[in-house]
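Engineer: Here it is, the structure, as structure tokens.
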Amino acid sequence: MIAFLVLLSLAAVLQQSSGTVDFASESSNKNDYQKEIVDKHNDLRRSVKPTARNMLQMKWNSRAAQNAKRWANRCTFAHSPPYTRTVGKLRCGENIFMSSQPFAWSGVVQAWYDEVKKFVYGIGAKPPSSVTGHYTQVVWYKSHLLGCASAKCSSTKYLYVCQYCPAGNIVGSIATPYKSGPPCGDCPSACDNGLCTNPCKHNDDLSNCKTLVKKHKCQTEWIKSKCPATCFCRTEII
């Protein structure tokens with residue numbers, strides 16, 4: 001049997017392998033598939049080359065999973081509206097996978113990660129037209145909350161959706177989805193097997209917060225309100 005795997009605008013044909021599973025079984029074992037998804041993401045994040053000094057450990061988030069499920073049930077092979085992808089004040093990113101047969105979640109995540117074959121750290125996609133956004137979202141250092149869901153849309157159409165909070169793939173930084181260096185180099189006292197466990201609880205609203213804080217410190221309420229991560233997270237990953 002041939003399985004058709006689609007990643008956004010990229011279509012590829014895969015041979016059926018041992019990675020295929022019964023969809024009902026995969027969907028019903030909620031705790032099992034949550035652990036499989038989180039463990040797979042963290043394993044891949046630990047294995048990046050070059051290694052990452054600021055890679056956060058991912059954890060499951062039920063709100064992100066609910067948002068992913070609502071979108072998966074629409075059976076639409078397109079990204080959900082950004083305003084529907086939020087967890088608290090965090091905006092979330094999204095990866096989508098479609099197949100003509102069910103896949104194990106570990107296989108879905110691996111397919112996204114495999115775009116690394118056309119990605120060069122510090123340069124970006126190579127050749128430039130290559131699709132690599134799924135890979136960069138999987139390994140985006142700051143994305144640490146994860147929620148995923150799937151839907152059987154027809155006998156030959158299965159949709160898988162993961163949402164990542166806060167969102168990755170920030171314009172201007174896509175070529176460096178994390179900071180290279182020794183594992184946990186930026187979090188030596190908050191490290192779990194190569195991944196940082198100290199995410200900042202705040203999120204900056206401006207892209208130039210480091211410059212603003214360096215120049216003006218955090219002396220005004222405006223800067224503190226717009227740049228809370230830079231102002232208040234001195235030892236956490238931001």
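Glycine is no exception: its Cβ is also placed from the backbone N, Cα and C atoms.
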Engineer: Choosing among Cys165, Cys227, Cys231, Cys233, which residue does Swiss-Prot name as bonded to Cys200 by a disulfide?
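Structural biologist: When Swiss-Prot is consulted, Cys200 turns out to be bridged to Cys233.
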Engineer: Check Swiss-Prot and name the cysteine among Cys187, Cys191, Cys227, Cys231 that pairs with Cys209 in a disulfide.
Structural biologist: Cys227
Engineer: Just to verify a number: CA distance, Cys75 (disulfide bond) to Cys196 (disulfide bond), in angstrom, no decimals.
Structural biologist: 35
Engineer: Out of Cys227, Cys233, which of the disulfide-bonded residues is least crowded by other Cβ atoms within 10 Å?
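Structural biologist: Counting other Cβ atoms within 10 Å of each of the disulfide-bonded residues Cys227, Cys233, the minimum falls on Cys233.
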Engineer: Note down the number of other Cβ atoms within 10 Å of the Cβ of Cys162 (disulfide bond), including every protein chain shown.
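Structural biologist: The answer is 28 other Cβ atoms.
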Engineer: What residues, ordered by sequence, lie under 8 A Cβ-to-Cβ from Cys200 (disulfide bond) and sit at least six positions away in the same chain?
Structural biologist: Ala229, Phe232, Cys233, Glu236, Ile237, Ile238
Engineer: Would you mind sorting out which of Cys153, Cys165, Cys196 (the disulfide-bonded residues) have a C-alpha within 10 A of the one on Cys184 (disulfide bond)?
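Structural biologist: Checking Cα-Cα distances against Cys184 (disulfide bond), the disulfide-bonded residues within 10 Å turn out to be Cys196.
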Engineer: From the DSSP assignment alone, can you count helix, strand and coil residues within the domain 'SCP' (38-164)?
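Structural biologist: The domain 'SCP' (38-164) comes out at 43 helix, 38 strand, 46 coil.
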